[in-house]
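Visitor: The following feature annotations were taken from Swiss-Prot:
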type    : residues                                       : note
BINDING : G148, G149, A150, G151, V152, G153, K154, T155 : ATP binding site
Amino acid sequence: MSSGRIVQIIGAVIDVEFPRDSVPKVYDALTVADKGLTLEVQQQLGDGVVRAIAMGGSEGVSRGLAVENTGAPINVPVGTATLGRIMDVLGNPIDEKGPINETERASIHRKAPKYDELAASEELLATGIKVIDLVCPFAKGGKVGLFGGAGVGKTVNMMELINNIATEHSGLSVFAGVGERTREGNDFYFEMQEAGVVNVDKFDESKVAMVYGQMNEPPGNRLRVALTGLTMAEKFRDEGKDVLLFVDNIYRYTLAGTEVSALLGRMPSAVGYQPTLAEEMGVLQERITSTKTGSITSIQAVYVPADDLTDPSPATTFAHLDSTVVLSRDIAAKGIYPAIDPLDSSSRQLDPLIIGQEHYDTARGVQSVLQRYKELKDIIAILGMDELSEEDKLTVSRARKIERFLSQPFNVAKVFTGQDGKIVSLKDTISGFQGLLSGQYDDLPEQAFYMVGSIDEAIEKAKKMKEKAA
């Protein structure tokens, strides 16, 4: 292995000089032995100098320090040894539970599966969340994005999906925390223990592996931690298992790239993003796919800066997804949670040939009623409800009930709401909304539909409200 020395340090980017006949390849891992720091080569600048990103803090690193070339990209533990463990970007355990004792390691950089290896599935993944199952159903082996600005509930929605799917799911899960709050990662770990998905006494009985590169970490960690998690998920998939991959948050992956892009000497692109934004996103997303041996179903939270869905980062992510769940600040302001916008959210699965005519007609019926209500809002604001035709008054009444029926108490939010979470089957979801569209429940007050599970609960709630009023 060749060795070199540090010649320049600019924050997270470090230049290292090697003998000209043994220059490291791009993506090779370098180690600063004295500091226990790993670097990843990004560019070859010529004259034996390479530019690398530090996978850790560069404090205390000085010019002239010796650097060793490992001759290979960053390798992380893969396989069942990772289950129940929390690891960092390099695959080192950070849960204070001893070494990982892996039998196999894999490079975090690899090519996406070839076209003839890919497999598509039309099987639906039931989430138990009414609004998702109705208007933007998830495909098993598909890619899902949860889009939303700050504080509208991306992480809570993701935690509920993990609670509903991962705990019921017979396969394995990988959770990659990319640049999010350490507190949330900590809460998630203990929730998984309570649910029995993580067994700290017998790791081999655990069903989830966790990889964290949190907000306080240098950009190198946040840039590569998603690839570390994906590498672990790929190994399970290639062994023929069905894997769930949760990534919170894809935007922080992009942001980490933006932070180091200028330091790497690249010219900024639109809104200051790196010029390689689409390529970096493609490299990650093309690997998150299902093959003929196994499937990866990924659920990714995507932060939307300033609630602008046309921002280059979320806009680039849209192209890769099968289902997009858009969280709306306006809906959250009404107190309707989950604050999912049924008009903005979409899914490739919303096709009568896949989900059936009944489900399709119900979903489109709900969307058309809500769209009509949206159009009438301006008239109502100026002239009031009295100026509407009888037909429009009925539409508004049904739309308001539908809006409230799209809300649902979550298990993970029980500490805030004091209500037990509800999981609603797809059959109950469809029949409930069909009844609302057909006018079956026109006589019930709209408040009866707020924060309930199935339609039977709404009817029961209406009865109690009537008794109270009497």
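Glycine too: its Cβ is placed from the backbone N, Cα and C atoms.
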Visitor: Apart from G148, G149, A150, G151, V152, G153, K154, T155, which residues in this chain have a Cβ no more than 8 Å from the mean position of the Cβ atoms of those residues at the ATP site?
Guide: Y303, L327, A332
Visitor: Let me know how many other Cβ atoms fall within 10 Å of the Cβ of G151 (ATP binding site).
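Guide: Within a 10 Å radius of the Cβ of G151 (ATP binding site) lie 11 other Cβ atoms.
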Visitor: Just checking, which of G148, G149, G153 (binding-site residues) has the fewest C-beta atoms within 10 Å of its C-beta?
Guide: G149
Visitor: Taking the Cβ of A150 (ATP binding site) as reference, which residues of that chain separated by at least 6 in sequence fall under 8 Å from it?
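Guide: Counting only residues 6 or more apart in sequence, the Cβ neighbours of A150 (ATP binding site) under 8 Å are Y303.
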Visitor: What same-chain residues, at least 6 away in sequence, bring their CB to under 8 Å of the CB of K154 (ATP binding site)?
Guide: L146, F147, G148, D248, N249, A301, V302, Y303, L327
Visitor: Return the single residue from the binding-site residues list (V152, T155) that has the minimum number of other CB atoms within 10 Å.
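Guide: Looking at the binding-site residues V152, T155, the Cβ with the fewest others within 10 Å is that of T155.
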